[in-house]
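These features come from Swiss-Prot:
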type	residues	note
BINDING	87, 105, 106, 107, 108, 109, 517	ATP binding site
REGION	568-588	region 'Disordered'
REGION	871-913	region 'Disordered'
BINDING	897, 899, 908, 909	Zn(2+) binding site
COMPBIAS	903-913	compositional bias 'Basic residues'
């Protein structure tokens with residue numbers, strides 16, 4: 001109540017911002033006559049004038065009105081397009097580091113030129129981030145005349161470019177590119193062996209197009225650069241054969257396993273919300289029996305024996321592949337290869353692979369070639385990458401529903417920009433049916449009715465499978481249609497260009513040509529661009545034909561958007577609706593749902609459908625009721641809330657890794673910048689040797705407790721020196737713990753200096769630097785794997801009444817500290833034993849190391865919630881802490897590691913103990 005009174009008195013935050021922006025727009029408009037009077041040369045000279053004023057101490061905000069007015073006039077002269085006032089308001093929001101929500105067709109691309117130009121005047125570079133290569137190239141080409149007229153350079157950053165081309169693209173004042181490529185370039189820059197190989201400048205200012213898609217939808221899938229692991233296994237194929245024999249256990253929500261009646265019991269349960277599968281007690285027994293039968297386990301062994309624990313990785317990967325990932329929904333199979341379909345856009349993602357063995361399990365399921373498993377070399381989430389920029393902003397047509405998350409995670413405020421013309425699209429209420437068959441019958445009838453009156457339709461589906469199902473229904477009804485999904489995305493531009501023609505029926509997955517407008521009557525520009533050397537008479541004839549089509553479509557009601565199911569996010573539904581009603585055009589939208597749709601089946605209570613049946617609702621009866629609409633919206637809010645919690649949780653864990661990543665990358669950068677690290681090496685040697693001595697000569701201990709033979713042996717093996725420490729102690733009674741430390745360190749340093757004196761100093765410095773880089777890269781790679789293992793199992797700490805997030809922070813810090821100690825010790829020891837090398841041998845070694853690096857693969861990880869907190873909380877209440885009982889003998893340091901790597905325990909997971 002009080003909030004409403006305050007809003008009425010002072011207006012909403014959005015209204016107050018718009019009011020402030022409108023005053024600045026008035027100042028920009030007032031400058032228009034003055035700027036219009038300038039010659040081309042004088043207009044171009046404004047850029048140098050602005051740069052000089054910046055050097056003289058003026059701020060960007062002081063330059064803003066005049067700079068924006070200059071860009072508007074340049075746009076008129078080069079493109080024939082004049083920025084609307086609402087586009088300028090959008091530009092002001094972007095310059096202020098906010099998200100501008102601008103409706104589809106309102107000209108976001110042109111609106112971004114003003115803040116891009118203004119911020120590029122600093123000379124630090126501006127990145128304009130798009131969701132795909134096509135849009136990056138198109139927007140750069142389209143807006144380039146404005147920037148180049150004003151003396152600024154434009155670069156395009158897309159996959160497949162040579163490093164020299166990328167360096168040129170990043171050196172440009174304004175760089176267009178995809179979110180993936182910007183992120184991968186950042187990771188690659190932190191894997192180079194020479195500063196000249198880096199391509200990015202310090203990250204200054206980014207404008208993210210379709211910001212909701214990049215910062216929300218893709219926030220759960222971190223970017224990963226990986227190389228092939230040393231070995232792979234045919235276990236995926238063998239275990240794949242077992243899975244179809246397993247039976248799903250039928251359970252009601254909240255029911256415990258022991259409460260399930262015998263006839264409903266099975267081998268596994270599914271958590272579709274979190275996309276996880278779990279074996280039941282019966283399932284463990286079934287799998288064990290099948291494993292023993294196939295000779296993968298010995299009779300009497302358990303899946304959880306130390307020797308078999310790695311098998312669970314393959315079992316769970318195969319179980320998820322069979323029960324939660326479907327062909328033509330989550331992936332397609334093309335040329336004997338499994339290609340992921342982006343669930344948010346419907347586009348194919350060639351080259352991307354799911355992690356944790358899931359991709360190999362899907363390949364085994366489909367009979368495709370199983371590619372080798374990968375090992376992560378570098379990784380970062382979009383949350384942490386984009387937070388590296390000094391200033392960040394974004395634009396989209398749909399961000400308001402996610403405003404809280406964008407503010408909380410990124411500190412980005414959403415400003416809803418008014419439309420240039422009033423929006424007159426009619427959003428009709430949902431049509432809900434009991435069954436999917438009844439829903440599709442109603443859809444066909446609706447399409448037929450609108451198609452016959454010449455109204456174009458865009459039918460939105462959630463998956464390739466659903467789009468092909470709708471296509472079959474329409475084909476059966478003899479309704480001509482086009483289908484746009486990941487399988488035929490090559491024809492996307494042509495299909496979208498014709499989707500606004502009278503009576504056109506276009507079926508599209510979520511991709512729906514996002515970033516391109518559906519023009520009523522068809523896209524005249526696209527039509528003309530396909531034809532060369534047209535006579536003026538022919539051009540006028542085609543324009544007249546288009547006008548007739550355009551008028552006919554408007555008379556029929558404009559574009560009608562028909563959704564075949566609700567997405568789990570209201571924002572995606574709004575994106576689909578937004579294809580219609582652009583720039584004041586007429587249009588309409590409506591969703592057709594059934595109680596068998598995934599959203600309602602998983603998230604809306606089952607009792608709703610039971611109640612409808614009890615009330616006598618028939619299959620083909622349509623249900624329209626505010627209560628149903630509220631239930632659907634509530635289900636969507638639940639999913640949005642759950643997905644936000646997952647993203648927040650993943651960010652909380654990734655922030656830990658991010659702090660460590662910054663330390664490693666900073667050390668690496670400093671290494672590359674420095675030619676002589678001999679002082680650093682000396683400090684590292686002193687610290688590493690001192691710590692090693694302390695393990696044999698404990699601090700503040702009696703001499704009887706010292707292990708001198710062990711210390712001599714360790715120094716001999718690791719540093720290649722035979723130091724008679726026992727004799728020193730016999731001859732010199734004044735030696736104590738502190739002086740012994742100093743004498744050993746001095747002897748090891750003296751031996752190194754003697755070796756150094758015989759070598760070429762330049763070669764020695766290069767050896768030190770190269771070796772440190774190699775050790776840093778190797779141990780960071782191993783550390784990423786250890787962190788991943790830790791993250792996957794950390795939720796189990798909840799059963800011991802411990803906070804998993806706190807435990808993860810504590811243990812990951814310990815792992816990181818141990819890693820740094822190992823790097824220092826190995827560096828000191830290896831340098832001590834290293835043979836003298838010439839400068840040419842060092843260069844040859846560097847070349848060999850770089851050539852031996854695995855072929856890199858670029859992909860997104862498939863990350864899910866670690867475990868719902870509610871489940872852990874329940875487990876905390878139900879399970880009392882049990883005393884630890886070792887089921888297997890303790891693994892010796894020189895025995896094979898039980899993880900199956902083939903290494904000794906002390907060289908594998910024993911390192912982490």
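All residue numbers here begin at 1 and follow the chain in the order shown.
Backbone N, Cα and C atoms are what each Cβ position is placed from, and that goes for glycine too.
Residues 102, 104, 110, 111 surround the recorded ATP site, their Cβ atoms falling within 8 Å of the Cβ centroid of 87, 105, 106, 107, 108, 109, 517, which are themselves excluded. Long-range Cβ neighbours of residue 87 (ATP binding site) (same chain, at least 6 residues apart, Cβ-Cβ under 8 Å): 102, 106, 107, 110, 111, 114, 420. Counting every protein chain shown, 24 other Cβ atoms lie within 10 Å of the Cβ of residue 106 (ATP binding site).
Farthest C-alpha pair in the ATP-binding residues 87, 105, 106, 107, 108, 109, 517: 17 Å apart. Annotation for residue 108 (ATP binding site): spatial neighbours 90, 100, 102, 209, 395, 396, 397, criterion Cβ-Cβ under 8 Å with sequence separation of six or more. Neighbour counts were taken as the number of other C-beta atoms within 10 angstroms of each residue's C-beta; across the binding-site residues 105, 107, the minimum falls on 107.
All protein chains shown were included, and the count of other CB atoms within 10 Å of the CB of residue 517 (ATP binding site) stands at 18. Counting only same-chain residues at least 6 apart in sequence, those with a Cβ under 8 Å from the Cβ of residue 109 (ATP binding site) are 139, 142, 143, 209.
Taken through DSSP, the region 'Disordered' (568-588) splits into 11 helix, 2 strand, 8 coil. Classification of residue 87 (ATP binding site) by DSSP places it within a helix.
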